[in-house]
Amino acid sequence: MTAETRILELRAELDQHNYRYYVLDEPSVPDAEYDRLFNELKALEAEHPHLVTPDSPTQRVGGAALAAFSQVRHEVPMLSLGNAFEEADLREFGRRVVEGLDQPGAVDYSCEPKLDGLAVSLLYRDGQLVQGATRGDGTTGEDISANVRTVRNIPLKLQGKGWPAVLEVRGEVYMSKAGFDRLNAAQAEAGGKTFANPRNAAAGSLRQLDSKITASRPLEFCCYGVGQLSESIGDSHIGILEQLKAWGLPISRELKHAAGIEECLAYYRDIGERRNSLPYEIDGVVFKVNSLAAQRELGFRAREPRWAIAHKFPAMEELTEVLDVEFQVGRTGAVTPVARLKPVKVAGVTVSNATLHNMDEIARLGLRIGDTVIIRRAGDVIPQVMQVVLERRPQDARPVEVPSECPVCGSQVERTQLVKRSKGKETTSEGAVYRCVGRLACGAQLKQAIIHYVSRRAMDIDGLGEKSVEQLVDEGLIGSPADLYKLQFEQVVGLEGFAEVSTQKLLDAIEASKRPSLARFIYALGIPDVGEETAKVLARSLGSLARVQQALPQVLTYLPDIGLEVAYEIHNFFEDEHNQKVIQQLLDSGMQLQDEGELAAEFAASTTLAGMIAKLDIASVGPTGAEKLVAKLDSLDKIIAADGIDLRQALAAKQADAVREFFKDEANQKLARDIEAQLLAFGMHWSSEKKVAEGLPLAGQTWVLTGTLERMSRDIAKDKLESLGAKVAGSVSGKTHCVVAGPGAGSKLAKAAELGVKVLDEDAFVTFLAEQGIAV
């Protein structure tokens, strides 16, 4: 292929990508792929300058404006920046700057994160916002004035005084990670389009023809410079940004000075380490020579300034090929598809696998084996397939099919059924998840179940990592969690990683695990959708394993943060004969649950007959209607037996008819009586004079743990505080009741002193626990 042919190909491909990105709001390749194509074209044109044409993508920035918006000409072009991908690139930039300025000493730079959003221009005349425009092709953009006026942190009128008659502010409109998550959740619930990432969401939201849609989106603005000015407003980049801030315009909180390129590199590394904890997406750091005089001296080249550069982070998105789709089996039997990829480097790490979640996700993506896809990796998150590049689909691409048999144990694979319950009715539909029915007879499920059971936040059996568990299962030594308590010294010693001392330590740890808290034991069972916090709610509210096992789904919904779907997962788990057998085996092994007791006083005190009626989900009867009904008819028997006249004395006609219709159904009568019987058996009393109960001693209080505790772990301390009703927070505020400070306590202790919050050292904390009847 000749250079001219390749140049024409690259221009055509880049033009198509620009059109998809800027006009259709449908990016077709990751930024890293675009950069590679652009740099290849740039290099070829440098080798063959006679082939450079005015319409080449290297001679302009971006793509054409949408015809639906009126066009705006930028008096000062909105140029893009050159890129540095390696430290060597940044050092070379610094060398060129020093050489161009020919000045002694370190050059002063401004440093700020490169937000991943949409570049915009805001024009203020006499302090009033009169125009907003996109970058467009750098010379001509789109008039989005109505839309930028809806972005809440863009001032419609500047604050203070002294601003020039004409002030053009430039910056980035973006969407925070939290805002993006909220938007996608709302879009999914409404059956609308969801977005691949915050950048696409911001661009798509800002370029809506209907500004009401833009106003509903969680957009934010951050300024990074100025364009046309009727008069100077500063002699340095940072000085200008600080002045803009004084006039009410938001600037980056991460804006800093750097003396020389080495300090720039230190800033880049620091931001890189904190990148995933920032509330917004960034794709690099921008460095600018701070002095405006120095900027003027350095000047510009074709499409970028010589005094600024964007130091990009390793790409979070890349293109690669799906070589195959395999299926893995998890702890609950879920058969999950995993994409096997042609290895590619993403965010500095070589990626060869990516999660596909379930078959609904594969259908949503339209994925086939052999497709070229965009994958994304952010921080420690498992790489995900974001999009299929349909233009690159080969003719022999194959559909993904779910195996009919478990790839591990050969048991049947079944599709889950989703049961929706509303207004007393049930509807069933197919779920997105497929499950192996093999339970603990399936090696994959057994291993994952044991790994979860022994984990630190579950039974906390030290010395049993994933490899050790896999070895014990593969050797046939354990076939269920209860088999851990049957292990003998002679069976373990000599296995890989187990000498005599380590074997004895393991057996001691297993023996010590026989005295767990109820919450830890529930969590260790691996009930679907029951995490650590839900396990604590179950233990704290119901007080005993027997009550948790017996609880009806409707009763479980009375507990904090447990909805009906999760309640059915819990109920179905304990109804299952296989699970009952496993639990009984564990109890028979000598398990002694430490904190079993009575029903939580606040739970018993807060559960009323009216509350029970409201939870029955009778059409049009909410909490207020239920209260009125119980005020007139003070028992369930009376409510069930009531005729239309009695009911209409308590409720509006529509509600009364709904109650009567509901209880005509004998199944509903039985359900209501079963719920009441269980609540009464658990210790509830409908008579208010019998319902006086004392709350937990720390109910309503917020405590904070800081430093290293020597007599117990922080997790154990947290469990003990929560058992007394306290909320354990991660930071100190004016609402904090007490701080427990061990050795090494730092900023939290200082904050407590500043706010006058009570502080206990570990000895005082242990004494306090003893006073509450809690041993350490």
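Positions of Cβ are set from backbone N, Cα and C atoms, glycine also.
Annotation comment: Swiss-Prot describes K114 as active site, N6-AMP-lysine intermediate. K114 (active site, N6-AMP-lysine intermediate) carries a strand DSSP state (E or B).
For D31, A32, E33, Y34, D35, S80, L81, E112, R135, E172, K288, K312, the entry in Swiss-Prot reads NAD(+) binding site, with the evidence type sequence analysis. The local packing around E33 (NAD(+) binding site), expressed as other Cβ atoms within 10 Å of its Cβ over all shown chains, amounts to 17. The secondary structure of E33 (NAD(+) binding site), as reduced to three states from DSSP, is helical.
Annotation note: C442 (Zn(2+) binding site) sits in a coil segment as assigned by DSSP. Annotation source Swiss-Prot lists Zn(2+) binding site at C406, C409, C436, C442.
When DSSP labels each residue, the domain 'BRCT' (693-776) comes out as 29 helix, 15 strand, 40 coil, counted as helix, strand and coil in that order. Per Swiss-Prot, the feature domain 'BRCT' maps to 693-776.
The two recorded residues, K288 (NAD(+) binding site) and K114 (active site, N6-AMP-lysine intermediate), show a Cα separation of 12 Å. Neighbours of D31 (NAD(+) binding site), defined as other CB atoms within 10 A of its CB across all chains, total 19.
Across the fold, the C-alpha of K114 (active site, N6-AMP-lysine intermediate) and the C-alpha of C436 (Zn(2+) binding site) stand 46 Å from each other. Within the same chain, residues at least 6 positions away in sequence whose Cβ sits under 8 Å from that of D35 (NAD(+) binding site) are N83, K312. Taking each Cβ in turn and tallying the other Cβ atoms within 10 Å, the top scorer among the binding-site residues L81, C406, C409, C442 is C406. For D31 (NAD(+) binding site) paired with C436 (Zn(2+) binding site), the C-alpha to C-alpha distance reads 40 Å.
The DSSP secondary structure for C406 (Zn(2+) binding site) is coil.
DSSP assigns L81 (NAD(+) binding site) to coil in the three-state reduction, outside any helix or strand. Excluding C406, C409, C436, C442, which define the Zn(2+) site, the same chain contributes V329, G333, P407, V408, G410, S411, V413, V437, G438, A441, G443, A444, Q445 within 8 Å (Cβ to the Cβ centroid), listed in sequence order. Of the candidate binding-site residues, E33, L81, R135, the one lying closest to C409 (Zn(2+) binding site) when CA atoms are compared is E33.
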